[in-house]
Amino acid sequence: MPTVNHSGTSHTVFHLLGIPGLQDQHMWISIPFFISYVTALLGNSLLIFIILTKRSLHEPMYLFLCMLAGADIVLSTCTIPQALAIFWFRAGDISLDRCITQLFFIHSTFISESGILLVMAFDHYIAICYPLRYTTILTNALIKKICVTVSLRSYGTIFPIIFLLKRLTFCQNNIIPHTFCEHIGLAKYACNDIRINIWYGFSILMSTVVLDVVLIFISYMLILHAVFHMPSPDACHKALNTFGSHVCIIILFYGSGIFTILTQRFGRHIPPCIHIPLANVCILAPPMLNPIIYGIKTKQIQEQVVQFLFIKQK
């Protein structure tokens, strides 16, 4: 039950309100949420299944794509089922520990996806700029080390947030006008000084996501320089088509992420009935569209999907 605490004791249960001002429309709003989530789940699961079962796709590019699809499933599953529970059953009550667990996986998976996109940019750089050395540079041993590094970075940087939140006393309103928990959104309900939470969150953002964006930009500048110096137009076109799908996913992922961050920091005058749905769309859009983009833009995956869905049935 949502309450305002006057005793000074810390709340252990919070209430996720859903979309403030649109509670009477929650059932209708849940329909596109549910369809998008099922699409993301099926699309990414199919992508993972095809990549893992087809030996012709056991290449670094597709293995990194498999990692991205797995992260997409985790990110959407961390948020959308909770939102649907609120929309359908008004099940908005969430314990503090569960709230912290949810935001831990949301933030760490976001950083993990950013790291995977950086690795994919590095993969494209080697494939286009050093094609003859591609297999000797991106060995299976290096790929395993990259996977471990991406995981350690994402979970390692977010892990201290658990203790930064557990130290706080939540003696203010326990009603959260959102469909899921996030770090600063929860911390602002504390009676303590949360400047360390704010600065730590900012430092994580700068040292991971912003750094990844800079390195991705540099890698693609080098790629474009190499592409436009290729001897034949056909080779240039083929190279551009190779990483076109990756560029689309980068724009989709970072564009939606930047919008969400800017809205949280500077969009205080944006009504919650607009901000909350857009925040969910920004989390759900990349997982839903990534398999579609790669299915359309990548010929090898397109062929394997068609073979799996249609030829196998015959």
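Every residue gets a Cβ built from N, Cα and C, even glycine.
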I'd like to check whether Phe14 and Leu309, as annotated in Swiss-Prot, sit on the same side of the membrane - that is, whether they share a topological domain name. no
Summarise the topological domain 'Extracellular' (78-101) by DSSP state, stating how many residues are helix, strand and coil. 18 helix, 3 strand, 3 coil
Helix, strand and coil totals (DSSP H, G, I; E, B; other) for the topological domain 'Cytoplasmic' (49-56): 7 helix, 0 strand, 1 coil
Test the contact criterion for the transmembrane segment (28-48) and the transmembrane segment (240-260): 3 or more CB pairs under 8 Å, pairs 6 or more apart in sequence, then answer yes or no. no
For the topological domain 'Extracellular' (163-198), mean pLDDT (0 to 100): 94
